[in-house]
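J.: Residues or ranges marked as compositional bias 'Basic and acidic residues' by Swiss-Prot: 7-17, 106-122. The compositional bias 'Polar residues' annotation in Swiss-Prot covers 37-56. Marked as N-linked glycosylation site by Swiss-Prot: Asn51, Asn196. Residues or ranges marked as transmembrane segment by Swiss-Prot on the basis of sequence analysis: 428-448, 526-546, 556-576, 602-622, 637-657, 683-703, 712-732, 813-833, 858-878.
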Amino acid sequence: MQQGYQLDDRPYGRPEQLDYPQTGPSPGAVPGRYGTPSDQLQLNAAQSVDNLSRNSPFADPHQRGPYQTDYAVNPEAHHDAYYNQPYEPTPMEGTPLGYDPGQPGYDHDDLRPMLPHQDSHASEPYQDQPTPQGAGGGIKRWKTVKQVLLYRGNLVLDCPVPPRLLNQLPHGERDEFTHMRYSAATCDPDHFYEENFTLRQRLFSKPRHTELFIVVTMYNEDEILFARSMIGVFKNIEYMCNRKESKTWGKDAWKKIVVCVVSDGRSKINPRTRALLAGMGVYQEGIAKQQVNGKDVTSHIYEYTTQVGMRIEKGVVQLVPKQQPVQILFCLKEKNQKKINSHRWFFSAFGRVLDPNICVLLDAGTKPGGNSIYHLWKAFDLEPMCAGACGEIKAMLGTGGKNLLNPLIATQNFEYKMSNILDKPLESAFGFISVLPGAFSAYRYVALQNDKKGQGPLEKYFAGETLHGSDAGIFESNMYLAEDRILCFELVTKRNCHWILQYVKSATGETDVPDTVTELVLQRRRWLNGSFFAAIYAIAHFYQFFRSDHSFLRKVMLFIEFIFHTINMVFAWFAVGNFFLVFSILTKSLGGDELLGRTGEILGVVFTWLYGVALFTCFVLSMGNRPSGSRWYYTTMVYFWAIIMVYLMFAAIFIAVKAIMADVNDGTPFSLGELFRNPVFYTLIVSVMSTYGIWFLASFLMFDPWHMFTSFVQYMLLTPTYINILNVYAFCNTHDISWGTKGDDQAEKLPSVSTKDGSGKTDLPDESDLNAQYERELTAFGSKPIKVVHTPTEAQRAEAQMDYYRGVRSITVLAWMITNFGLAAVVLSAAGLDRIDPKHQTAEEEDPNARANIYMTVVLWSVAGLAAFKFIGAMWFLVVRMFRGV
């Protein structure tokens, strides 16, 4: 146990009972469960449900009444449950009550206040005005107009949770369980701290240290996807609370963990997901405000320590009693401003207030394993210079692997597995992982910070949010398509630092993968373009490795890895051309007299024409059609490319078998060495089987070979789809830098709060409505959405930006097409190149396929060599992992 942390709840106080609306003790209160004095959290309510006698100007604000009467949630007794005292996050000068941290009594004084208040009294406590009963039925409604005191214009409300929920909760005597805190942020996330906003963890009498800060970002995901992620997070928190022998974790580990849910746009959040948050006690309808003191609210922040768990039964989310508390911070952004802005709220606003040790990033729908977050944290604990880590992303295969029946899911499963078996371990062995996936990764907060000049990883990470078209270069304007890759590069190359990145095999996260062609095309457009521009960025800034404080050996290793990534990028650039060359060489070879003869020549011509038509169709559809509107075209092309791949595999096997038979029947004694000297067998079989053999061997050594049996064939058949359809669509849409969502969506208009001399009036729902709000969610507001009128200058700026990106797109596609066409023409001696050089014509007459065969040999063996390099790195990763433990 760390010195100064009190892990027992209220060891020196008397157990308190909640005054529930029914007689008898609360069914949610746990007898003998006490509250820790350091966990005392005074409400921001001068006229609150807490000891109304203390609302007098002559009352001692530091004196607590009897525990049995601390709270009353009877709506007939108190209509001013929402009244809030001024929000003053500035701690008092000096040490409260004369105690210094570490001295006896620092953690054990029940009378020590949370924060001092200079003025807690309002001139007009409340006035209740009954309003006509609504059409909904017999619920007594009150329009409660309250006097609200603001601190420097900040509106903060402590709202009691619905009694129906409160009756189910243990620890009901503590404020963090009985009240939900709402803050109306009216500033940019970068100014959240300077505007004197704070969070609950800093307001306890002894502020809580945040060891793990977990963010779940969402847009319009349904309640199933959201619950899937939250169930995984809750299981991890429970796992850490059960580690009773740990120096960091233990019974009260939940106090060191904060779960932040950031929803991108109030008008975009799924109503069922919002209702689920309300069921957990985190969200309440009717609290949010549109403006505060003339300032537009940018984010609605709800804080609550929930004890409500959930499970998914037959496709329905069910709330269940949860004994393990979880501190939840729900940030509902007013506008849809993309995921990178959600991360800016997480890092720049909330992270600066809480100053966490480790930050974990999750996408809604990604379910971490039961102890995966702990294993991520452990990697940082074991390696002080670890700046970032990621786990294994798994494709969600369904019960019994039923989703593998879909070839697209099986192909992505194979792709994910091989990346986690070869690519990630190799990069981890060098210390630089090119991308830590935002769906499931973790960072050390201190490593992310910028320097005194404001330059650093976070500055680069958020740069793309404010860049505009022609005002920026090609690298900067496309940076945020690969912001996670840029962040990884900036961390490892951070000036005067020697941070490294690690892959943690023990940490896993399951995620849904696209199950239709159109969804896959749209997803990979951003992925491929992001990785392409990130690779260009890394190549253009490779020298920044040398500004870091890494050792000479580490810099050499990073330089080798940089060369490896450069070679991979070259192969990715020429992937379309290389695939066509292999296709052309093999189909022409089948026309030989010793193979299929005239039949092979006819098949070669037919398939070549079909190949050209399909590739041309890909370009036409990619330049203007939406994939969702061309679904049948894309599906047809997937089947066609699969047929092409079957034909290629047949050609390779048939040619190799014929070559072996020729060696056997040539009249000389057959030997294995002679077989390997056969150029056809050596080029086709040995090189290709070396690549596939390395895949099998590495999978078995990682004790994860099943994808080789369930997904390998599907991956082989859909390889041409990845090369032609996905690459073509991605390059033809490099001008589209969107995430698939539009910004500046207008939500329903909310009430506003205006102030004068630091106080003002606002309408708040009466406590008698809480149960009704808890049972149902409002679906509409009376006022219409606010229409944004764009000035001509803004429209011209947006059009200029799109023109710039279209120009970048045109240049990129032209360069890509010309270079790939040129490669094919040179290798195949086509497009009239054979008539330019007379010497070349003579060589072509002797062996027309010599150049093509040499090139195919180089390509196939290069692929095998890259696979072998990955295998060596993966084996080194396994050796290090044996000693490291995670």
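Positions of Cβ are set from backbone N, Cα and C atoms, glycine also.
I'm curious about the neighbourhood of these features; can you describe it?
T.: Same-chain neighbours of the transmembrane segment (428-448): 213, 217, 339, 343, 347, 351, 355-363, 366, 368, 372-373, 376-377, 379-380, 386-391, 393, 456-458, 461, 482, 484-485, 487-489, 491-492, 494, 497, 499-503, 507, 509, 511, 531, 534, 538, 550, 554, 557-558, 560-561, 565, 873-874, 876-877, 880, counting only residues six or more beyond its ends whose CB sits under 8 Å from a CB of the stretch.
If you look at the transmembrane segment (556-576), the same-chain residues 6 or more away from its ends with a CB under 8 A from one of its CBs are 427, 430-432, 434, 492, 532, 535, 538-539, 542, 545, 550, 615, 723-724, 727-728, 816, 819-820, 823, 862-863, 866, 869.
Remote same-chain residues near the transmembrane segment (683-703) are listed as 417-418, 421-422, 505, 652, 655-656, 676, 853, 856-857, 860-861, 863-864, 867-868, 870-871, 874-875, 878 (criterion: CB distance under 8 Å, separation of at least six residues from the stretch ends).
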J.: DSSP three-state call for Asn196 (N-linked glycosylation site): helix, strand or coil?
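T.: The residue in question, Asn196 (N-linked glycosylation site), is coil (DSSP, three-state).
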J.: Do any residues of this chain, six or more beyond the ends of the transmembrane segment (858-878), have a C-beta under 8 angstroms from a C-beta of it, and if so which?
T.: 421-423, 425-430, 503, 564, 567-568, 571, 578, 581-582, 683-684, 687-688, 690-691, 694-695, 697-698, 701-702
J.: With Cβ-Cβ distances below 8 Å as the criterion, list the same-chain residues six or more beyond the ends of the transmembrane segment (637-657) that contact it, or say none.
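T.: Same-chain residues near the transmembrane segment (637-657) but 6 or more away: 517, 582-583, 586-587, 589-590, 595, 603, 607, 610-611, 614, 617-618, 680-681, 684-685, 688, 716-721, 724-725.
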